[in-house]
């Protein structure tokens, strides 16, 4: 199983997954996920053009072509928004489709000419097409991206949280934004052979969304997103190697999205289950306090703190069956049932000492 | 120092005009805020109060006019200026602790490639103590109430130890206790010789909280010591249609 190809693919997938998780964190926090999708799709015409011009799948030629196309797309979005007053999401959607369509047209043209086998790799990605020779430039470029990010860490943090505040302190926010977008574009281009232009955005966003659920700070989020990305990458590579011929990119994406879904569901503070649980707890404790307060109130009305309230009266007062709540309160030692002589069929309850104390406590 | 223009004025604005999409939002603003005052900027909705602050800080490009802070262009006086944006202008679900946010106040002076160290953290803690949030330093900001968020933002400005503070609606949507705390904090800043400029929305409290008043409705309606500016005529000129309401407010305030 551990063929050299698999090792190459797994290494590349781990690297790209981690890098995408790191940069994707900034995309997600700045609410720019769609921009990542636009850059990915828009790189296709650049990739094909670079292929046609350079006559091969050379790493740096492809990188340059994709970056140029991505930059043109970014400028088009700006022009549509500022120049023509198009709303941001519409501008992003139009530019994405335009560049992707242009890319597909170029791609089909290139294929009719022949000699361009392997270009479709860039649509959905094909991990097996990653060569050992690609690993070193991939690591160098990816490492470069991370170094820039680490050097400008506090600036990018400020930018992501409060761009206006950052500008007020004199940080060159516009230039930092361009630089951050450039780093994201480079990351996307590095991942194209693995995930393809269509699915790349998921590798950026899913690990970041997953990581956000578990952390309280930006640095932990970025580290965890890198870990999740690397896990999804290697996991996808290994799974697709076991299932002979299953495309690696989509499996990586599925793995990343699965991590995100689990995190959304299970994270201790922010997860859906934890929130549900907190709400249920709050409702339960509110219910319990309501019943205790009603019992206490009945006692006060009768000027008898030891007064035993009829369960049917509590039902009527609360507009719901008080039985389960009373049973729980009894288990917790706050109330106890009382039998009264003339009413053998009725269930009456009185507050215990603990119940009275709980009722008087300011908040529980 | 070369080319100081009006150095004795904390914030000097001349002929400032800002427009959005060919429509003037601020028109021909001439404004002088002397040092050591606590000034309110008031005016009806859409009067351009926030835009004025942003234009002074260079966050919104003016089409005409100039701004000087202690005689210097704003770009050269950044270290003497602190800015508290509206609380709602950021996403409080951002993964950061209270300390992280206060430290951001020092990023402008810290310089490239330098990370906040022990000295910076001590400063941040001191600023948090000033706003009564010292026990919250490690708290994620997503768990704060509105009033606590506002205090954290103010701490981020205090840590800059600036001479001129701009605050955009710091009392909006906070509870009465927090409002009182913020006011006494800002008065203490003024008493320490700093200049405080606050966009304020509550006419009833203007006279109690502030000693300098700028009344704005796209143009400057009036500016000066509160006692001179806070008059029925000026309020009428600034607020126009909302006059009936203002009349009752005046009565309530005088009573």
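In case you wondered, yes, glycine gets a Cβ from its N, Cα and C as well.
According to TrEMBL, the feature transmembrane segment maps to A:6-29, A:34-53, A:59-78, A:90-110, A:140-160, A:180-210, A:222-243, A:249-268.
The stretch in closest packing with the transmembrane segment (A:59-78), judged by the count of Cβ pairs under 8 Å and taken from A:6-29, A:90-110, A:140-160, is A:90-110.
Packing against the transmembrane segment (A:6-29) from elsewhere in the chain are residues 35-36, 127-128, 130-132, 134-135, 138-139, 142, 145-146, 149, 156, 160-161, 180, 183-184, 187-188, 190-191, 194-195, 200, 203-209, 211-212, 218, 221-222, 225-234, 236-238, 241, 248, 252, 256: each is 6 or more residues past its ends and has a CB under 8 Å from a CB in it.
Here the transmembrane segment (A:140-160) has Cβ contacts under 8 Å with residues 15-16, 19, 22-23, 26, 29-30, 63, 166, 169, 171, 173, 176-177, 179-180, 183, 186-187, 190, 218 of the same chain, all six or more residues outside its ends. Long-range neighbours of the transmembrane segment (A:180-210) within the same chain, counting only residues 6 or more positions beyond its ends whose Cβ lies under 8 Å from a Cβ of the stretch, are 12-13, 16-17, 19-21, 23-29, 33, 35-37, 39-41, 43-44, 47, 62-63, 66-67, 70-71, 74, 100, 103, 121-127, 129-130, 134, 138, 141-142, 145, 148-149, 156, 159, 221, 224-226, 228-229, 232-233, 248-250, 252-253, 256-257, 259-260, 262-264.
Long-range contacts of the transmembrane segment (A:90-110) within its own chain (CB-CB distance under 8 A, at least 6 residues past either end) are made by residues 34-35, 37-38, 41-49, 51-52, 69, 72-73, 76-77, 80-81, 116, 119-120, 123, 197.
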